[in-house]
Every structure is written in C-alpha cells, then in structure tokens.
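Colleague: This is the structure I want to talk about, given as structure tokens.
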Amino acid sequence: MLVMCTSPPRANRPARGHAALLRASLIILLLLWPRPSAGKKKLYIGALFPMSGGWPGGQACMPSAQMALDLVNNRSDILPDYELELIHYDSMCDPGEATKLLYDLLYTEPIKIVLMPGCSGVSTLVAEAARMWNLIVLSYGSSSPALSNRQRFPTFFRTHPSATLHNPTRVQLFKKWKWTRIATIQQTTEVFTSTLDDLEQRVKEAGIEISVRQSFLTDPAVAVKNLKRQDARIIVGLFYETEARKVFCEVFKEKLYGKKHVWFLIGWYADNWFKIKDPAINCTVENMTEAVEGHVTTEIVMLNPETVRGVSNMTSQEFLAALMSRLGGKNPEETGGFQEAPLAYDAVWALALALNKTVAPLKAKGRRLEDFNYNNHDITSEIYRALNTSSFEGVSGQVVFDAQGSRMAMTLIEQLQGGSYKKIGYYDSSQGNLSCTNRWYIQNSQPYLNNMTAVGCMMALAAVFPLGIDGHHVQKSQFPVVCQFRLWLLGLGFSLAYGSMFTKIWWVHTLFTKKDEKKEKKKQHLEPWKLYATVGVLLAIDFLSLMIWQIVDPLHITKEKFTKEAPKEDLDVLIQPLLEHCSSKKMNTWLGVVYGYKGLLLLLGIFLAYETKSVSTEKINDHRAVGMAIYNVAVLCLITAPVTMILSSQQDASFAFASLAIVFSAYITLVVLFVPKMRRLITRGEWQSEQQDTLKTGSSTNNNDEEKSRQLERENRELQKIIQETWKLCPSLKRSLSCRHSLCMEAHLPRG
C-alpha cells in the first residue's frame with residue numbers, strides 16, 4: 001500500500017492547483033494500490049493476536065504470520081486459484097475480550113474459513129465455540145494440556161506443543177539411565193496438575209514408579225521436607241519460576257541436592273533465574289547456585305537447530321533475519337512472542353498446505369473452497385483430514401500433529417554445569433528418537449581443526465621413513481628428491497598439527513581473556529572461518545619459506561669424510577668412512593630461520609596455554625587438552641632440534657633421537673586430544689556415566705536401606721494400632737446407627 005504524504009494547502013495557494021494535485025495523488029494511489037491477482041478468489045482467516053495483556057505474543061507472531069501469508073500467495077504451486085487474507089484483532093490475551101471479538105468475526109462478513117487464536121485461555125474459548133460453526137481452529141501459541149481433548153475440542157489443532165510434551169522426554173531419560181523410582185513436586189495449578197497426571201500415566205506404562213508425590217500452593221517448605229523424609233533421589237519439579245526459587249531455597253536448607261540427587265525442571269525459565277534477588281526467599285545467590293547445580297531441564301524446540309530449507313524454501317536463520325527486518329530492528333527481548341514467532345509462521349504454512357490438499361477431493365465431490373459456509377460440514381471434514389495428516393519441514397522443525405491435534409516437536413535437553421546450561425541431547429517425539437549423545441561436545445571442540453591435527457601427525461610420522469633412507473636404498477640421482485620429501489613432510493606436518501592446536505589456544509586467549517566491556521561482548525562470537533584462516537596463514541608461511549628454500553638453495557647430497565680406518569684382517573687396505581647428508585650451501589642460515597620462527601611459535605604456544613588454563617568456554621571445549629599437547633610438542637622439539645644438530649655426524653644416534661621424538665610427540669598429541677572424545681562417545685559422556693553410577697541409588701538399594709526398613713516397620717505398627725482402635729469403635733457406631741434408624745421409623749409411623 002502506498003501512503004501519500006502532502007503538505008497542507010497554504011492560504012494563498014490557488015484552489016485549482018490544489019485540486020490538480022489531489023487528482024494526481026488519487027491516480028497514483030489507485031495505480032499502485034495492491035489488488036488481488038486476476039481470477040483469484042479470496043479465502044479469509046480470522047485471527048486473534050494478543051498485542052498486549054499477560055502474553056503480548058502477537059507483537060512478533062502477527063508479522064511472522066503475515067510474512068508466511070505473503071510467501072504463500074506468491075507461490076504458483078500452492079492454492080494457485082486462491083488468495084489468503086488475514087483479518088485480525090487484538091485479544092489482549094483476555095477470554096472476555098476474545099468473546100466479543102469472536103462474535104464480530106463470526107457475524108461480520110466475509111465468512112472465515114479458519115480461526116487462528118493465541119493464548120491458552122483464548123484458544124479454549126474459541127475452540128469450544130468453533131464446533132457450533134463448523135470451523136477449524138489452528139492455534140500458534142497455546143500450551144495448556146487441557147486443549148488435548150478431542151471430545152471437548154473436536155476441530156482444534158496447534159503448532160505450539162502441549163506442555164505434556166516434556167513428559168515423553170523425561171520418561172525416555174528415565175529408561176535410558178535405568179531409573180525405576182522417581183518423585184514429583186508440583187505447584188497446584190491446572191497446567192501442572194494435568195501435566196503431572198499425564199506423566200503418572202506414562203511412567204506407569206514404562207514400569208516406573210512414582211514413590212513420592214508432593215504438591216504446594218505457595219509455600220513449598222513442607223513438601224520439600226517430605227521429599228527428604230521419603231529419601232527422594234530422582235525428582236521432577238513442576239512450578240513457575242518464582243516458586244522455583246522458593247523450592248530450591250528449601251532444597252538448600254534440607255541438603256536435597258548433589259550427586260545423589262537429580263532434579264528435572266522446565267526449561268523455559270530465564271537462564272539466570274536462580275541468581276535473581278527475590279524478597280520471598282532468605283537464601284543467598286551462592287546458596288541457590290550450589291543447590292541448583294546439575295539439574296536437568298527439558299525445553300520444547302521452537303526454532304529448527306538444523307540448517308535445512310523447508311517447505312517455504314527458507315532456513316531458520318534466514319527466517320529470523322527476515323522477521324527482524326519486518327520488526328524494524330526492535331529488540332527481540334522486548335518483543336512479545338518472538339520465541340513463538342516460528343510457530344505462527346509454520347501455522348500459516350500448515351493451513352495453506354492443508355487447504356491446497358483439499359482442492360482435488362472437493363472438486364471430485366463437486367465442491368469448492370469458496371463454497372464454504374458455517375453449515376457446510378463436508379468442506380470442514382476435508383480441511384480437518386488434510387491438517388490431521390500434515391507433515392512438512394518448517395522453520396520450527398518437522399510439523400506433525402498427534403491424534404489430539406497437538407504439535408509433535410523436538411525437545412531440547414540441557415544440564416546446568418558450572419552455573420551455565422549445556423546441551424546434552426534432543427528428543428524427537430514424532431519418531432521417538434532420543435539423541436542423548438556427545439555430538440555437541442565433539443562439535444564444540446572444532447572437529448575440522450582436530451582432523452587437521454590428525455593429518456599433520458600422520459605426515460610427521462610418515463617423515464620418519466625417509467629420515468632412515470640413505471644411498472644404499474635409493475639411487476644417487478634420486479637422493480635429493482628424498483631430501484626434499486622429508487623436509488616438506490616434516491615442515492607441513494608440523495604446520496598442520498601444531499598450527500591447528502596453536503590456533504585454538506590463540507583464539508581462546510584472544511576472545512576469552514579480555515576484560516574490557518567492548519571485548520566482553522565478543523565472547524559469544526567465534527566464527528569457524530577465523531580459525532581456518534589462522535591455520536591457513538601458518539601453513540602459507542611454511543609453504544612459502546620451503547618453496548623459496550627449494551628454489552634459491554635446493555638440498556643436495558654432501559659427503560662427510562672421516563679418518564681412514566685399517567681393517568684388522570688386511571693391513572694393506574684402508575677404509576674411508578663416508579656419511580651422506582642432505583644439505584645446501586647456506587644450510588645453517590636456513591635452519592636458523594626455520595628453527596627461530598618455529599621456536600617462537602612453540603614458546604608463544606606455551607605462554608598462551610598457561611594463560612588460558614583457567615578459562616572455561618563451550619566454544620572450544622578441549623583447549624586444556626590442547627594446552628597439554630602443546631607442552632608436550634614444545635618440550636620435545638626444543639630438546640630434539642639442538643641435540644640432532646650436535647649428533648649430526650653420528651647417524652644412528654641422530655636418527656634414533658629424531659625419529660623417537662617425532663613418534664612420541666605425534667602419538668602423545670593424538671592420545672591427549674582424541675582419547676577423551678572416544679571415551680565420551682563410548683561411555684555416553686563423563687557426566688552420564690558418573691551420574692548413572694551414583695544415582696542408581698534412586699532405586700530401592702541405597703546406604704540407608706536398614707534405617708528406612710526400621711522406619712517403615714514403626715509406621716506399620718502405628719497404623720495397625722490405629723486400625724485396631726477403629727475396629728473397636730465399629731460396634732458402638734453400629735448401635736448408634738440402628739438406634740437412629742429406629743427413631744426415624746417411629747417418626748414416620750402414622751399416629752392413631
């Protein structure tokens with residue numbers, strides 16, 4: 001749409017000129033006003049976007065939905081004969097306001113073919129009423145488990161997963177780590193109660209027992225004490241963020257944390273939720289940090305973590321860039337619904353694909369989408385069938401609906417380690433696939449640099465063979481080639497192996513040891529190309545220096561003569577010992593340049609490794625192992641280089657010393673860098689194996705079994721006494737009841 005801005009007419013401006021300008025403006029406006037494509041029929045979507053209120057999700061979800069609508073309308077392969085148009089209002093996330101707006105949508109032309117509400121309360125109202133008008137409801141921002149009810153909401157779908165989606169992930173983790181008994185603590189609200197009911201059913205089917213179930217309204221102190229008294233080890237907590245701080249303050253007081261306990265929480269709290277000062281608790285930040293360490297969270301993935309192009313031909317990162325452009329540079333943290341925006345985007349695509357799928361079946365029945373009205377059940381049934389079978393790749397991941405119309409999505413699993421959340425896996429509910437692996441550990445160690453290190457070590461090891469070759473093994477004319485070959489293998493092998501390790505430690509030092517605020521902001525950004533470019537520079541320096549050496553002063557054979565020796569058998573024969581060297585005219589100069597340059601790199605590497613030994617970063621998570629490998633390589637190289645020069649005339653000792661130094665430095669480097677990664681892959685990670693060993697105490701066998709047994713026996717005896725006393729009261733109660741019955745009968749007898 002073109003908005004024309006003109007100056008207000010001055011008092012002395014001729015009326016004719018003003019009229020001409022107005023006519024010209026109207027002509028331009030009419031020419032440029034967006035019009036529907038010729039022959040296309042409009043289908044209307046009635047949407048409620050909460051732009052304000054408790055959850056102002058429409059601030060980002062509405063632009064996201066409109067962006068998807070524009071792309072759909074420009075596609076020639078999706079609804080080519082139709083154009084979708086959005087008619088939307090601000091529901092303010094208020095069911096009362098939504099009631100009035102729903103009335104306007106239903107009783108005001110044009111007819112809407114689908115309704116798209118947000119907020120669980122608003123969606124509940126709309127979905128319950130929609131059945132009366134034969135309308136499909138597709139929500140983008142409703143998580144209440146109560147909406148997963150086909151009897152109550154027969155035409156409801158949602159791209160926002162239900163809050164109960166966390167439960168399959170939890171059950172899979174319980175089964176993976178062989179935990180058979182868990183405990184729960186919940187805040188008594190509808191959403192958590194229904195979530196816990198769903199969890200109870202799922203764990204029962206999996207053969208897992210909920211041994212303790214505690215709840216609280218505002219004060220969790222008693223509930224936490226009961227968990228401690230019942231010796232709960234694996235605990236699922238369901239509560240809002242403010243209550244989470246209260247719970248873990250009590251957890252700290254009761255010492256219900258540590259390696260013997262695992263807490264499972266919801267993942268949508270703020271990352272620093274336990275550090276926020278809260279007047280409702282009397283625990284310090286240090287107390288809270290100690291209590292929450294090691295807990296596991298599950299969070300629904302709303303943005304596809306993979307770089308794939310879905311049905312809209314857009315990756316998740318490209319979607320975010322386009323959305324930011326539509327938002328005009330607004331701060332995402334201050335824009336309501338920014339996290340849920342991919343769900344609104346995919347909701348429009350799900351609807352468009354479903355409507356497109358209904359065109360052919362409706363045509364076979366002699367119907368068309370534009371024939372829809374609120375009494376037409378056939379068209380609604382076709383749209384329902386098409387949505388129910390939806391399956392496509394969206395910017396939020398794979399879009400699939402379950403039997404209740406709820407989105408089946410991936411769940412992110414994280415653990416709080418050292419005060420920050422670390423990814424430990426994903427769960428794909430649509431395929432039942434738990435990928436609780438260490439690929440993030442491997443990925444964050446920069447695997448391409450690891451590969452370069454491995455290749456460099458293999459090149460250095462391969463150089464050992466030409467080091468041992470002399471004139472007896474090759475012809476004299478081929479010996480200079482062997483000399484060059486060993487030089488290039490050692491030079492480039494060192495650049496790849498040590499250069500890739502030096503690059504890691506260099507960038508860790510550059511980005512993570514700066515203390516001014518400007519460089520602190522750069523901590524989270526480490527582009528891989530910078531790492532590869534650094535290795536490339538080191539490799540290029542070596543390549544150019546070796547090339548110049550080979551062209552200007554190439555290596556050739558030189559023979560060193562020793563004192564003639566007379567054999568014991570024949571005094572008339574003298575033996576002239578000779579030693580063949582690979583040398584050049586200015587050999588010492590070239591060696592001085594190469595050794596000086598590489599020696600400085602080795603010393604700088606040692607310094608950087610020392611400086612970064614206390615740095616903790618997830619971007620290059622094996623930098624401490626790299627530091628150990630650098631120490632190893634530096635010490636061996638700094639010792640080997642001068643020793644081999646001194647022993648150059650003693651070929652056996654020189655070869656033995658050089659080859660052993662190469663073999664040891666290469667193998668130690670490979671062991672230090674790769675064995676921990678292999679161990680994590682085999683044992684499912686250090687945390688998992690360690691926790692599995694210590695947390696198996698969550699089953700019935702633990703160190704306090706005898707004490708628990710005695711306590712249960714005492715409680716059993718007390719209960720038996722109560723039962724006996726109750727039975728003693730039974731006869732007197734029966735007599736009282738019979739007397740009361742007799743009095744009642746007498747009261748109802750007719751009086752003569």
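Quick reminder: no glycine exception, Cβ is built from N, Cα and C everywhere.
Here the structure is a predicted model, which means the values were calculated and not measured.
TrEMBL lists these features:
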type	residues	note
TRANSMEM	15-33	transmembrane segment
DOMAIN	440-697	domain 'G-protein coupled receptors family 3 profile'
TRANSMEM	448-467	transmembrane segment
TRANSMEM	487-508	transmembrane segment
TRANSMEM	529-552	transmembrane segment
TRANSMEM	589-610	transmembrane segment
TRANSMEM	630-649	transmembrane segment
TRANSMEM	655-675	transmembrane segment
REGION	692-714	region 'Disordered'
COMPBIAS	692-703	compositional bias 'Polar residues'
COMPBIAS	705-714	compositional bias 'Basic and acidic residues'
Colleague: In the same chain, who gets a Cβ under 8 Å from the transmembrane segment (655-675) while lying at least 6 residues past its ends?
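Modeller: The answer is 450, 453-454, 457-458, 460-461, 463-464, 467-468, 490, 497, 501, 622, 625-626, 628-629, 632-633, 636-637, 639-640, 643-644, 647.
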Colleague: For the domain 'G-protein coupled receptors family 3 profile' (440-697), provide the mean pLDDT of the predicted model.
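Modeller: The predicted confidence over the domain 'G-protein coupled receptors family 3 profile' (440-697), as a mean pLDDT, is 75.
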Colleague: Where, among 448-467, 487-508, 589-610, do we find the most CB pairs under 8 A to the transmembrane segment (529-552)?
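Modeller: Of the candidates 448-467, 487-508, 589-610, 487-508 scores highest.
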Colleague: Among the recorded stretches 448-467, 589-610, 630-649, which has the greatest number of Cβ pairs closer than 8 Å to the transmembrane segment (487-508)?
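Modeller: Stretch with the highest Cβ contact count: 448-467.
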Colleague: When you scan the chain for residues with a C-beta under 8 Å from the transmembrane segment (589-610), skipping those not six or more beyond its ends, what do you find?
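Modeller: Cβ under 8 Å, 6 or more out: 491, 494, 498, 501-502, 505-506, 508-509, 538, 541, 545, 549, 553, 626-628, 630-631, 633-634, 637-638, 641, 645.
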